[in-house]
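For reference, TrEMBL has these:
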type: COMPBIAS; residues: 1-12; note: compositional bias 'Acidic residues'
type: REGION; residues: 1-20; note: region 'Disordered'
type: REGION; residues: 67-89; note: region 'Disordered'
type: TRANSMEM; residues: 141-162; note: transmembrane segment
type: DOMAIN; residues: 146-494; note: domain 'Amino acid permease/ SLC12A'
type: TRANSMEM; residues: 177-199; note: transmembrane segment
type: TRANSMEM; residues: 220-241; note: transmembrane segment
type: TRANSMEM; residues: 280-299; note: transmembrane segment
type: TRANSMEM; residues: 306-327; note: transmembrane segment
type: TRANSMEM; residues: 367-387; note: transmembrane segment
type: TRANSMEM; residues: 407-427; note: transmembrane segment
type: TRANSMEM; residues: 439-464; note: transmembrane segment
type: DOMAIN; residues: 497-563; note: domain 'Amino acid permease/ SLC12A'
type: TRANSMEM; residues: 510-543; note: transmembrane segment
type: DOMAIN; residues: 604-725; note: domain 'SLC12A transporter C-terminal'
type: DOMAIN; residues: 736-935; note: domain 'SLC12A transporter C-terminal'
Amino acid sequence: MDNGDIESADEEFPGRIGGRKYRPVVANDRIVLEMSSMDPGSSSPASETFSDLQASLNRKIKAGTEATANTDLKEESLPTHGQANGPQGESKLELFGFDSLVNILGLRSMTGEPIPAPSSPRDGEDVAITNGQPKRADLKLGTLMGVFVPCLQSILGIIYYIRFSWIVGMAGIGESLLLVSFCGLCTFLTGISLSAIATNGAMKGGGPYYLIGRALGPEVGVSIGLCFFLGNAVAGALYVLGAVETFLKAVPAAGIFRETITNVNVTAVGPVESPSSHDLQIYGIVVTIILCFIVFGGVKIINRVAPAFLIPVLFSLFCIFIGIFLARKDKPAIGVTGLSSETFKENWSPGYQNTNDAGVPDPEGSVYWNFHGLVGLFFPAVTGIMAGSNRSASLKDTQRSIPIGTLAATLTTTAMYLVSVLLFGALATRKKLLADRLLIATVAWPFPAIIYIGIILSTLGAALQSLTGAPRLLAAIANDEILPILNYFKVADGNAPSWRPRWKFHHWSLSLLGASLCIVIMFLISWSFTIVALALVSLIYYYVSIKGKAGDWGDGFKSAYFQLALRSLRSLGASQVHPKNWYPIPLVFCRPWGKLPENVPCHPKLADFANCMKKKGRGMSIFFSILDGDYHELAEEAKAACKQLGTYIDYKRCEGVAEIVVAPSMSEGFRGIVQTMGLGNLKPNIVVMRYPEIWRRENLTEIPATFVGIINDCIVANKAVVIVKGLDEWPNEYQRQYGTIDLYWIVRDGGLMLLLSQLLLTKESFESCKIQVFCIAEEDSDAEGLKTDVKKFLYDLRMQAEVIVITMKSWDRQVEGGSQQDESLEAFTGAQHRITRYLTEMKATAERERTPLMADGKPVVVNEQQVEKFLYTTLKLNSTILRYSRMAAVVLVSLPAPPVNHPAYFYMEYMDLLVENVPRLLMVRGYRRDVVTLFT
């Protein structure tokens, strides 16, 4: 049973009890209840009864059997309830379906076994459950080690150690406080939004990708997730290089190679030894391999190693603050004043100035610093709040740990930064703050080496978090099977009404403010890289939307689209749409007659024709089919057929929806559809179906009454009708047509026939064709006036077409000769004989039963003169079509309404005569309104 079918769970069980369907529990069911692990020690009567039931089930359901993932078992293939479970196997829970809550909510089964959830919540995805020995659950983390510590390790980085005192000296205390508050507010608001999304439901692995993807859709999730993965991967490499460079500066003798450069200092210029790039590469590879082995060890090893990285960092911070309080004037170095109010006042205002590329003050330096530049420099020091959510799959309680751990780490580090600004601003002169890149090492107690250790371990800890989160993020994207190209990285998994986050301190305005701050900070850091990043995200989004596997995750965009659709529907109202805004909304009858393979739910050319009725292929079509029978018996079959039809529509790239209706007969089903389908002004306005060319060949005598009934229902419901004859010959999008599109415009149809011809011209198949409009005049004297009026009308409609007026005296029985007339006469003679025979049989039946003339169970009135008149009319029209339009790409002709109280058989004979020998023809009947207008 799919996730979306919980409400119909009681209809899926083939065993019948009391007129309803139930499915017995059998050994190969998808979800098998095992109760052997429940505690039977309770002495209550209820528990004794439950123990008996448990023992009965354990005898019937053997452990170790694999549960099949396919629940669509045939009713005939399943044993009856009694055969499967026996008398003792029945349970009151069977009414609700044994696997409903267990499967849908992802709860543990009665045995306490973990039931793996599907890798992505797409419809139709089944989950294989193995009911053998319970799989040992992986180690789960709490708030402290699972979220707070990873976030703290990622946030506390090298910027604080080697650049923070420099930032205070450049921006001053006042603007440094503003800088920290501005960046901290951005991450805090992001953390609040993260908390709201993370507590809105059960969360699996994937961290920010899972959160963003389920909130905004797979396209946005994959776009941001892949960029986030690349960012984590690159950040891991940069963290490793930072640790190696600090190590080589602290221990120069460890370098294998030597490289000497000239570095400008505040007081002097001299050669300063710097680590060689070759040393950085060699040591960087070694450190990366070591970290990879730690990551390969899993969560257990990471938990053991993480304190070894974090505790020395915290101890180094403790030493820094102790050293700040112990510092005195010019101790431990010149320029250090100790905590002084005078120094605080001097450093309050900003001191922006030029520096060289290394950040050393230089009046002739090429870099001038301002607040914008410092935002770009400092902002990475407050990032890293996603480190906890990256490990969401390893958390005991994501809904509790992620909000508390993330916000606690954000507030802790922001508070430490704010306190550090005040202390650094009062500790040393501005010159010392700008000149000494490692001022914190200078003042640290008891010696500077502790700071080097803190820098190395803090960067290695951040690198460890990046290497831990990045592959998990990529694996989560691959497991959702959105992009087939990522399948190599798969890992086996063991504002709508649904928006109900547990985190209550949230409002949409906070998310909007946080997003705005993020965009502002991005452009402050670097407008060029911001554009590159946005372009990359847009490119991935477009690729996923085109090549990705579709998935409905109930994301925010779908909710927004739904709300927008409701608002637009209300704004359209119930009044008629103006002709300028009229769009065809076809109601396509997929399989009314004709034989198709069982796995083809709709004629392929019918889908191609539906696309031809929409400008540039855009618009909505409703494809429907009718199943004859009882709804309660065929409900599941109808669901499967609807899913199959929807898949076929997507395959044919038709913008539309599928509907399957179960009704006692085709006529009743269509009558219900034509009355109820659609909402407001979004109801279908054109019924499209295939002409029943097979009815006489297959001797399907019930088709005439059904066909005529459908046309009459469309007339009563005020729906236009388009009937396609020669559907098998209809061209697809790659078959270019030449010649003409001929319109036999006999009756006023609101311009529908003209509009359809213009829509056909917009398709590549017909764009090389020209339009010819044939008008029928009964008298020669009317021809010129009619031609002038039609030309003027087409000119006002901005339509280019050649107008041809034909005089056809319908009641003249004399023929003019010619092959076309001979073909029409042959068909005409055959129709006459069949109608005469049918009328004779009707009269004989009425005389024998002493009843009025009856046809299709209804009384009819037959005017034989009128019947001949109709036959002659269709004879002349068919002869005219064959004479002028035999080579046309497609012919459009007005569809006459079925005469009242006329046998349906007669009407079918008229239509057969009309379409005889015409290879490709559309019969069009408009409805009581205009679909084109002359006015702007």
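Every residue gets a Cβ built from N, Cα and C, even glycine.
Ranked by number of Cβ pairs under 8 Å to the transmembrane segment (510-543), the listed stretches 306-327, 367-387, 407-427 are led by 367-387. Across 177-199, 306-327, 367-387, 439-464, the stretch most heavily in contact with the transmembrane segment (407-427), judged by Cβ pairs under 8 Å, is 177-199. Counting Cβ pairs under 8 Å that are 6 or more residues apart, the transmembrane segment (220-241) and the transmembrane segment (439-464) reach 3 or more and are in contact. If you average pLDDT over the domain 'SLC12A transporter C-terminal' (736-935) in this model, you get 83. Broken down by DSSP into helix, strand and coil, the domain 'SLC12A transporter C-terminal' (604-725) contains 61 helix, 27 strand, 34 coil. Beyond its flanks by at least six residues, the transmembrane segment (306-327) meets 145, 149-150, 152-153, 156, 336, 338-339, 416, 423-424, 427, 440, 443-446, 450-451, 453-455, 457-458, 460-461, 464 of its own chain at Cβ-Cβ distances under 8 Å. Beyond the ends of the transmembrane segment (141-162), by six or more residues, the same chain brings 239, 242, 246, 299, 303, 306-307, 309-310, 313, 317, 377-378, 380-391, 394-397, 400-402, 404-406, 408-410, 412-413, 417, 420, 437-438, 440-441, 451, 454-455, 458-459, 461-462, 464-466, 468 to within a C-beta distance below 8 angstroms of the stretch. If one looks beyond the transmembrane segment (439-464) by at least 6 residues along the same chain, the residues whose Cβ comes under 8 Å of a Cβ in the stretch are 153-154, 156-158, 161-162, 164-165, 235-236, 239-240, 242-243, 246-247, 249-250, 287, 291, 294-295, 302, 305-306, 308-310, 312-313, 315-317, 319-320, 322-324, 326-327, 332-333, 336, 384, 424, 427-428, 432-433.
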